[in-house]
Structure formats: C-alpha cells, structure tokens
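Here is the structure we will look at.
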C-alpha cells in the first residue's frame, strides 16, 4: 500500500503518497509538521484532497493511519471525521479502519475508532466484524474494548468539513472537531446499550459468531470474555447445528469445554443429525472430553452413528482463499513478529483448524 494522502496541493499528492506515512516521522500531524500548519490555509481547502484520497487497494487516509500506526495523524483525522460515514468506509477487502485495528491488535486505536463512532457490526468480505477478527487473532485487549458500551461523545462541538458537507462555508474560528447534535446524542444514548451487544450474535459468512470463532481457536481467555459479555453459549452454527460444546469437542480443547460447561452450556445439545457433544467426544482420542461431559450431566448417546460424519470432522470452516489481506499490514506495520496473526499472512487464517 502507498502512504497517506498529502495535505496540500494536488500536484504534490503522488510524492506524499509514494513516500509512505511512516517516513513522515512522529510530528507529521502536529501543528507545523510536514503537511500541516501553513498548508492548511485560512479554510479547509485541503479537506477534499485528504478525505477524498483512496489508494488502488481502496484504502482511505484513515485506513493508512491505522496500518502505519501513526497516532498523531489518526487523531487529526478523527477530529474531523468522528460521527460521520467516513468512519465506516471499506477498502477492496471490505475492511474498515476498525477491522484493520483489530487485525493488528492495536487496542488504543480500536478504542479511539470505537469512541469516534466506528460501526461494530460492519462486515468485511468474509462476513467478519471487528470482534470476529479480534477473536481470530487472539487480540484480547481489543475484544475487551469492543465489548464495552460506546463512550459518550462531547455535547458541544462545532461544524466541520465532513459534518457539514463541502457546499457549506466552514467555520474556521473553532478547533476542528466533529459535529454532534443533541438529537443525535439522544438517539445514540438509546442505542449504545444495544449496539455493542449486537456484535455478539453477528455471524460471518460461515455462520460463526465470535464465540464460535474463539472456541474453534481454543482461546480460553477470549471465550471467557465473550461469556462475561453475555454471548449465547448454546447457539448452533447453521451448517450442521453444532453448538459451542460440539466445536470445543471437535477442537479437542478440554479447557474451553470445561469453561463452557461450568458457565451453563447445555451438554444435551444435538446437531441436526442428532449427535450430542458426548457422542462426538467418544469418537476422539482424548478421554478427558467425555469425562468432563459426563461430570456435567451429559446424556449417554443412544443410536448415534459411531463413525464421524462430514460435520463432526470440523470440515466446515472459512478457510477459503482470503487472498493477501494481511500482507500490506505486516509489511508496513511496526509490529513485532510475535504479535502477527498465528499463520503466515500469505496463507488463509482458518476459523476451523483441521483435526490432527
């Protein structure tokens, strides 16, 4: 990906974009820094250039600020775009800036985007919300931030370029921040409580909720976070009717299975074909799985096929070709190798690991 849009004359745009945001240094978005200060002029003539900028990959300046982890420039953009549709613009992979922040595990960026009005239930091209992605890469702190009610916005704020539209005369006598009308705030307060809860039941295009994803990835801490947030512990995935308990058994994740059982998940849940979690556990080599289920009152299987069916082998996954959606982030990001997603960026990142 290229760098960020320039903040000046259009003729200079290519040079700015080719240089990459990372080369601008930590003061790039500070008053008087490269691209700001004198170039802003008396009005907002620079705004169409910045907020209209899109790379060949569909990334906006906001996407690039997140990818390059350039917080000063991110803060600058959010000062003008918070509460507007710009927050949820999607690139060619369907990713918003919030999706990218979750993939990168950048908690502070997730918090800022969330507080600025980024949509929680926007789906990227595989149907993943930001919470799905946080579950896929094990970004616990990001998930924790997303599982909180949205922070309230300030009640007093003047108009800005994005809030008022390009046809209105900008008010240049105020600090540039987004417009939050009282009517919008009242509506926001009514919906904020439900807003963050809706993502718990959001399904990706494989029919997996964030809890399904966390269970498949054997992530005990993530499952605990989702449980505490109120996720449905018995919701089946749509392909075969597997509950989170079935998925935990198929992943042979005894610690996840125990956590779900202690939290009240139904040990008698049945797949569409009638198989119970215990029936599935008896087909696995790990004896702890069946022991845990019996200890929590799981009924003994009756009349269940002793052979693994197509569903019980975890064949349902979203491990289809996801392209190189992580490549540019990894190349341009300053993240350490230990914080990258658990599989190479050029390979698909499956929700449903194949059984050993």
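Heads up, the Cβ atoms here are built off N, Cα and C, so glycines get one too.
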Range annotated as region 'Disordered' in Swiss-Prot, from 104-148, 149-193, 194-238: 149-193
Residue carrying phosphoserine as stated in Swiss-Prot, selected out of 19, 45, 81: 19
Of the residues 23, 334, the one that Swiss-Prot lists under phosphoserine: 23
For the repeat 'ANK 4' (206-235), mean pLDDT (0 to 100): 98
DSSP helix/strand/coil residue counts for the repeat 'ANK 2' (93-122): 17 helix, 0 strand, 13 coil
Per-state residue totals over the repeat 'ANK 4' (206-235) - DSSP helix, strand, coil: 17 helix, 0 strand, 13 coil
